[in-house]
Structures are given as C-alpha cells and as structure tokens.
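Each remark here refers to the structure printed beneath this line.
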Amino acid sequence: VLLLIFYFSTEEERHLRANDRPFNLSYHYANNAIKTSKYNIFTFLPLNLFEQFRRLANAYFLFLFILQLIPQISSLSWFTTAVPLILVLSITAVKDASDDINRHKSDKQVNNQTEKWMNVQVGDIIKLENNQFVTADLLLLSSSEPLNLVYVETAELDGETNLKVKQALTVTGDMGDNIDELAGFTVQGTLTVNGQTYALDNDKVLLRGCTLRNTEWCFGLVIFGGPDTKLMQNSGKTTFKRTSIDHLMNVLVLCIFGFLASMCTVMAISNAIWEVREGSVFTAFLPREPGVDAALSSFLSFWSYVIVLNTVVPISLYVSVEIIRLGNSFYIDWDRKMYYPKNDTPAQARTTTLNEELGQIKYIFSDKTGTLTQNIMTFNRCSINGKGYGEKLCLYKNYNNTDKVDFLWNHLADPKFIFHDHSLVETVRAGNPEAQAFFRLLALCHTVMPEEKKEGELNYQAQSPDEGALVTAARNFGFVFRSRTPETITVVEMGKQVTYELLAVLDFNNVRKRMSVIGERNPEGKLTLYCKGADTIIYERLHPSCNKLMKVTTDHLNEYAGDGLRTLVLAYKDLDEDYMDDWKKRHHEASTAMDGREERLDELYEEIEKDLQLLGATAVEDKLQDGVPQTIEQLAKADIKIWVLTGDKQETAENIGYSCNMLREEMKDVFIVAANTAEGVKEELQRKMCPEAPEEASVIKARAGLFWCQKTETVQDEKVDGDYGLVINGHSLAFALEKDLQLELLRTACMCQTVICCRVTPLQKAQVVQLVKRYKQAVTLAIGDGANDVSMIKAAHIGVGISGQEGMQAVLSSDFSFAQFRYLQRLLLVHGRWSYLRMCKFLRYFFYKNFTFTFVHFWYAFFCGFSAQTVYDEWFITLYNLVYTALPVLGMSLFDQDVNDRWSFQYPQLYSPGQLNLYFNKKAFVRCMMHSCYSSLILFFIPWAAMYDTVRDDGKDIADYQSFALLAQTCLLVVVNIQLCLDTHYWTAVNQFFVWGSLAAYFAITFTMYSNGMFLIFTSAFPFIGTARNSLNQPNVWLTIFLTSLLCTLPVVAFRFILIQHKVRKEALPAPAPRRLPTRRISTRRSGYAFSHSQGYGDLVTSRRFLLKKPLKSRLALFTQTDSPLAENQPQHYRTIAEEPEEAQSP
C-alpha cells in the first residue's frame, strides 16, 4: 500500500494510502468539490434577510415601521414605510438570488467535468488522458511517453501557452499502467522502494489548472484536493468589495442620524415648552388623554418626529443606487467598441457594485505575459556577418500579402511563418556560407523536440516560445530540424538530409545565459561548437579577430533593442579532434563526480567556450497586444500610474517596458534594485530624486470610517526633479516588503513614473497591491489573465480579467473582464468617468430633494405647536420618492454625459477629478444641505405668506390646511424638477419623458385622490376632497408657484454663471497633449537571453532512453488556433483607439 506523509511548515503531517478511501477519509481531508455559492433553497430567506438587515438603513426603517404601529406616537400611516421597505427588500433579494443561482451553475459546471471530479478523494490513483484538465494536485507516477515525461499547458495558471515538461520517477514510471504495482510502495516525503530512497520535487507534481497535452495517458496520485490545492490556496481570500462612495455614504448616513436626533430633540423640547405655555388653553375643547402631561407629550413627540423627519435617510436611495449601478453595468456589457470579434468575446461587468470606482483609479497593477503581450514570439530581424536583414519590417507599417516572402520552394516550410525581406532568402539560396552557417546553428543549437504527424508536417515542442520561433525561422530558410535521437540530430539542409552526431549539450541556466552544442557532421567528421546567448556573455568569449564585426553587430543590436525586440548573439568554433577526445573524458569524469559536480562542469564549459567566431544576431519580437503603447500613454495622461508585476526575468520585463513606452530613453534614470541582502536593498532604494527630499518618508496619521474608529496612515507624494523608472526583482522585493523597508519601497516607487517588479510570486503581487492600498489611500486596479494573478486581482479595489485563449481563472475571480488590454482605457476614461459623474450627481440631487422635503416639516413645526403634524398629504409622502421623483433622477443618472466618448479620449485630463474625489465628498454634502435649507425656507414661507389671509375670486377663504399642503407640495415638486433640469447635461427623449411624465402623473394622481369618488369609497383614507380643483383654479396659486420656483432657481443659476466666468478667466481649455510618436530607441539595454526562465532540459534530450516509442502519433499542434493572424506571425500594427471604429482595426 502506498503510504504518503507530507510535512508542512506548521509541522502538520498528511498521511494517505493509495486507493484506500476508508483510511484517507478518517483524516477528513478536503474533498475535490468546489463551492462558491452562499445559499441553498432552505437558507436563502433567513440568511438573506439577516444580511439585508445588517445594513444600517434597512434596520433603521424596520425600527420606524415598528414605531408606526404604536398609535400614541404614529403621526403617519404604517404603509408609508412598509411599502417602500418591502419593495427594497424584494428587489435586493431577487438580485441576490439571481447572483447565487449563477454561482451554483458555475460550481456545477466545474464539479461535473469529465469523470465527475467532485467525487475524487485524496489518495485516489487516477488516469488522465490527452487534453484532459487537471482538477486536483497529483503526484505523477507514470506516463505513456519516453522517460516518463508528460507535457502540460499552464495557461490557466500563468497565461503562458508554451508547453511545460514534467517527469515521473523512473522507479514508478517503469510500472506503466499496472495499478497493482503503482499502489505497492511507501512515501514519506521521499519515495522508498526496496530500501532505496528517491527524492521528490516539483517536477513530479501536476497542479490543478494544468491541461495535459501531447501525452496519450498518465497516472497520478491525488495528494491535495479542492480548497487545499495550490491553485485555490494562492487564489487569496475573497473579500466583499465596496466603493469609496459606499464607505462615505455610511459615514454620511451616521451623521444624518445624529442630525435627525438633534432635530427631534429640538422639536421635543419645543413641544414641552409649548405644552406648558400654550397647550393648556386648548384642553377645553381638545382634552389630553388620561395620564399624559407635558413631559410625556414631549417624549412621545420625539418619536413622532423621528417618523415624520425620517426622509432625511430615504430608503429608496439604496434601491436607486443599485439600479444605477446595474444600468451602467449593462452599458459595459453592451459596448460594441469593447467587443473582440476574433474570439467572439464581449466585455463583461461581473459585478454591479463597483462601477463608479472605475472613475477614481490612481494605480494600475498589470501582469505582462498574456496581458500586455500575446506570448507569441516572431522572428523579425537578424544580422549576419555584419549585414542586417528585415529592415523593411516596421512595427507601424501595414503590408499587403504581396510583400511576404514566398517559401513555396521549400516543401517543409511552415505556412504560418511570415517574413518580408526577400534579400535574405536570396542570400541563403545563393549559397552564402555565413548565412547558411547562421541558420545551421539555429537548427542545431536548441532543446526543441520534433513531432511529425504525417510526412512533411512538422510540429515543434519548444520549452519556450523563443526557441520555437528561432527553429521555425531556420526551417523556413532551408535548414529544417527534422528529428533527433539521444546521439544525433537530423537536419534537411537546402533539400539535402544531413545527420550530425551530438557529442555534448552545454545547457542553459540563469548564470551562464548561453547554450552550446557540440556536433560532428557525418561523413566529413568536422567537429563544431555552436553557441547562442546574451550579447554581453558571448562578446567576452569571442576571438580578437571579430572586433570589427562585433562593432557592426552591436549597432544592429542597439537598433533592434530600440524597436523593443529580444536579441541573441550567435557564434561558433571549429574543434580539434584530439582536444575533443581529451575534453570528453574530463567531461565524463566531472558529470559522474559525487562532489563539486556543477563547479567542475562550469570550468569545462568555460574552457571550451572561448575564442568563438561571431556569426551574427537574431531579433525576436514578443508581440504586444494591439494598442498597448497607446493605451498606456493615454492612461498616463490621465495621471494614472501603471506598475507591471511579472514573473518574467528582468531583461524581458525591461524590454517590454521600453516597447510599451513605459520606460523611455529620455527618462533621467532607471533604477535597478537587485541586491541580495536587506542592507543592499535599502541602500539601492534610497535614491535622491529631489535635492530637497527628506531622509524619511512623510507619513500622515488620521482616522476614518464608521465611528472614526479606523486608523489610516498615508505616505505623502513628494515632488520629483524629472522622470524616473524603477525595476526591482523578486528576491529584492522580498526584503523590501518587510516592515522596516516597505515605506522606503513605497516612497521610492511612487516618485518614479514607471515601476516594474520582475520574478515576483503571486503572493508578492498581492502584497504590493495591499501596500499601496494601505499607505496611499488611493483606488487601485489589478489586471491579469492567469491563475498567478488571482490573488492580485482579489487584493485590489477593482479586479480585471483578460479573457481569451490563456484560460479563465483570472476572469472567474475578476470584477470586470474583456479580451484585450487596450479596452482598459475605454473602461476607465469613458465608462468609469461617466459612472462616477452620474453617481455623484445622483447623490447630490437625491440628498438635496430629500433634505428640502424634510426641512419644510421642520419649519412647519413652529406653526403647529410642535405636534408632529405633517405639512403634506400622507399619500404624497408615500409616493414622493417612489413615483414622483424616482424616474427623472434615474433618467439623469443613467443617461447623463458631460462630454461624449471622443472628448473623453481627446482630453484624458478630465479623468482627474474622480481621482481627487471632487464631485461628491463631505464638503459637497454640506453645500447640498445648505442649498436644501435655503430652498426649504423659500418653499415654506413664500406659500405661507401668500396664503395667509388670502381669499378666492368669489370672496371665500382659501387659507386652510389642506389648500396650503397642496400648494407647498406642488411648489416642492416643481422646484426639484427644475433643479434636476439644471443638473442635466445631456438630454434624451427618455429624460424628457420622465420629467414631464412625472409632473403629469403627479397632477393626475392628485386630482384622482382628491376627487369625490375616492372620498366616497375610502372616506378615511382620502380626506382632501375637492382641494385640488378648488385651489389650482386660482391665479394667485399659480403665481405663488412661479414666484417660489424663481426664487429657488435664480441663486443657483447666478452662482454657476459666476463660477464659469471665473474659471474661463483663470484658465483656458487645455489643449490635448500631442501624441508622442513611437521613436526608435538607441540603447544598450537588450534582452539578456531569450530562453525560458528555468533550467533547460538538455539532459533529457541526450538521454539513452529517449524516443523509444512510436515515431508518428496524432497529437495537437502547439499553437492550436491556425486561423489566427497572431499565430500566423503577422506584424504588429497599431491604430488610434479613440478615433477609429472597431471594424477598421488591423489584425
């Protein structure tokens, strides 16, 4: 029985036996089912109501409803609160139920994949077949491939589409598909068989999220399932995200409660005074109830006024906010300019609660591979013997199909390969020895593994896309890598098959930054070392005779680097046979030595890789997604800072930084932080970018949040003398994120215009985001495409997933998703800005109309003996927020635009007010209250003065309570509608219909409710019989409405006019910043090496047991989407995103 014991850092032991479920279940390990849903059919109602009543406002209105059921204090009927409360709870419950149903569907889809993965338990031995998705962490036991290799695609994890190699232990691999043998050994952190111990490492583990490729079958043991898998552990904790406006509203609602309590207290005290001084006069004809004195009357009036004045906290506010957010989410879903037709992928707002936060982003944290780049490498330029080829290929030029080189002469050429310089083909076919040696080297010096599905159809399995691109280039130019064995490589050279004996592979690693192979050409027997690597490394090992050629090649390398291409230098050396025999003996001794093996091998490699002859250089493009540089430039103009957090090596990340215009040659300096000690990191971080800068970071401490109990620390921005960039690697970042250095890191990074963190882990990505969130008090956005970005996406205020061929893990954890990085500028500069503007307008207007409505009650209290009598009709109070004023403000909040989308792109500076939170804050709220106070004074005292001692045309008295109530509520409705019209920038037919329709509905409902028929049917419910027709036929009533509206509106218009005039005098409209044309960069910063980031598998390709099985097998291509322009190596074209329609974009 296989017994497994794993030790964790917490010293917890994990015991399991293969295929022994009773034993494994006794340890209660997590099963493999995934659950993200919150409710089931039985728990939905109680749990949902509990969650809803945890909201302060909902609990408050439930309390009000209970108060209204007490006759002694209820000044309003119960339905005025019950109807809105039930409506709010119902709408929210339906929305929550819909969201949870979708989560159930998603869980069911994941859990019911092939063979019902939800039923898999820890300790099971399972069989995987080609193209199956790995949904648990498995210990690889055996496979159908030579050397027990399996090929996995990790696009779901890291966004990389190139295949990775995993290898089982030989001792388990020999057992093949024999289940009895596979379940017959013991593992305790190491594998023990027949007394021999074998170590286990990450190459033996298949992680959840991988997909098995080009492997017929494999067997694995489930060691972690469900939430215990590495994928789920690294996903980070899901938190309920709320916008900054939500947090502000909580504080404001708390302040409003305090204000309401103070108003009610004033009313209660005033009632007590009035009862003592004046109330006794009325007891003769309006006696008090038994036991009620002035003190008790005052206490009861306090609660009565809590009910009357409750509209300062309108319950419909929360429903309206949800409707506005939902509507703005639909705009994102429906935006055809964010639809990617190639993959049939629309933009998607996966959450409806964060829209306005998109208009306040200050920091963007982006992954690189698959997010900024396509992770597709193309061979674009090369330098051979001092002559450059491929100059015609320009990143900003469109080509017709006639410009492409025709490779029909080579029947083994890859039809997807595209090149535009015909002279290179002519040079190779003319027999130029240097050109042929150049491509011969590319065809021999690599660890690519070939597959031939049928005669002439080659498929290369490359450890990295870079190697695949170089070998494919050699293939098309007449040097076709056809097959390999452990001892030989077969190449078809210009139609002639040649076999090379492979004597040694000097493999790549991060220290060597180069790779060499030693081959002997049969039958000539010529020994040659072929080497390719980083220019700085190869140049040190060249023969002095190459100095002149090296100078020319260096100029070409600078030119290629200026275009953002990844470069390699190629060199060779002819070897003496006697020397080679001696070297091989010493190499064998070193490779079998027990001590100092690596050091001895390195010495031998250094010895033979000297006095090389330079052949030339290659330039490979890591293709950016369309429009990435323009998007980054546009976002930078909007004062949004972009940090790139990538797992790639430093040279690659730097190159992409230059390609994206994030790093530029005109920058004053680009700091590299790569120290290996805390002291070294601190020294490298303490850069002087401004002479006046203090030694320590300036931190301001304050309090915020509900009840001001949350402590905040903010690192102040410092002025910088010039533009700077910062590049820091993962090892240094680990020291910099420690408590004593994190403020120094943040201070230095925020002074730089561009920050690139390379070789970072998923956890470090999340830590960087959390650091900025904690100390900058700014809104953050994280964007990525792989599972390694999930923790970062969850940590940021807004998470954006790139959906496409790279997998769906990031999308499933994101708040918004789309197919291309370039759509981010439309999401922020258009949808985000509009959403923020609309939400702020809505809140300002909503508080204005409700405070105005409530303050009129406050003034009326001084004329009704503080008895909590209402100014308005009860039906008007019930319908004011639900019917009369609901649709006009929703129309403004869903359709309003200050400028259209083209202007938003042309002037990205318009985005800045959202970052500074200028449109709605505590000051704006106070201004809103003052405006409401002024309007309420006009709305109460003008009608009161106009009605006082007034008579009708026929001499009858008009100054009764019901007529005054009708006049006051009519004036109020007209004034708030005029204010809404003044606030609306963008009129549509819908806005017009809502405004005029609401006024028409008010008069229709009023005349209906005040009619004789309603009074006769429901006498107690509709007491205002005849008031409407008796009052609204009087000219002085309409004159009063006009005068009130004029006095409320004129100050607003005058203030705005003066404000606009002041702004016009102060500053002219800023001209749109000129678009920086992409310029060629002459730089010495080049990609150090274009290979993978881990140790190569040269040992595998030279193994004696390699390729022992079927030579032809039906397998998937490495790049499966053959109709894709990107997979066809087409050149990168750019367009102006803001101006051209989607249909006009280049492929």
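Each position is counted from 1, following the chain as shown.
Just so it is clear, glycine is given a Cβ too, placed from its N, Cα and C backbone atoms.
Note: TrEMBL annotation is automatic and uncurated.
As recorded in TrEMBL:
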DOMAIN    17-81  domain 'P-type ATPase N-terminal'
TRANSMEM  76-94  transmembrane segment
TRANSMEM  251-274  transmembrane segment
TRANSMEM  294-319  transmembrane segment
BINDING   D367, T369, D785, D789  Mg(2+) binding site
TRANSMEM  842-863  transmembrane segment
TRANSMEM  875-895  transmembrane segment
TRANSMEM  924-944  transmembrane segment
TRANSMEM  964-982  transmembrane segment
TRANSMEM  994-1025  transmembrane segment
TRANSMEM  1037-1059  transmembrane segment
COMPBIAS  1123-1133  compositional bias 'Polar residues'
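Through the fold, the transmembrane segment (251-274) approaches residues 56-57, 60, 294-295, 297-299, 301-303, 305-306, 309-310, 312-313, 705-707, 858, 861-862, 865-868, 922, 925 of its own chain, all at least 6 residues removed from its boundaries and within a Cβ separation under 8 Å. Highlighted: of the candidate stretches 294-319, 842-863, 875-895, 994-1025, 842-863 has the greatest count of Cβ pairs under 8 Å to the transmembrane segment (924-944). The transmembrane segment (875-895) and the transmembrane segment (994-1025) are in contact, since at least 3 Cβ pairs between them lie under 8 Å (pairs 6 or more apart in sequence). Using a 10 Å radius centred on the Cβ of D789 (Mg(2+) binding site) and all shown protein chains, the other Cβ atoms total 35. Against the transmembrane segment (964-982), stretch 1037-1059 has more CB pairs under 8 A than any other of 294-319, 842-863, 994-1025, 1037-1059. Within 10 Å of the C-beta of D785 (Mg(2+) binding site) there are 36 other C-beta atoms, taking all protein chains into account. Residues 55, 57-58, 60-61, 64, 67-68, 70, 72-76, 81, 84-85, 87-88, 91-92, 253, 256-257, 259-260, 263-265, 267-269, 271-272, 275-276, 279, 288, 846, 850-851, 853-854, 857-858, 861, 866-868, 870, 877, 880-882, 886 of the same chain lie 6 or more positions beyond the ends of the transmembrane segment (294-319) yet place their CB under 8 Å from a CB of it.
Cβ contacts within 10 Å of T369 (Mg(2+) binding site), excluding its own Cβ and spanning all protein chains shown: 27.
All protein chains shown were included, and the count of other CB atoms within 10 Å of the CB of D367 (Mg(2+) binding site) stands at 30. Per-residue pLDDT, averaged over the domain 'P-type ATPase N-terminal' (17-81), rounds to 78.
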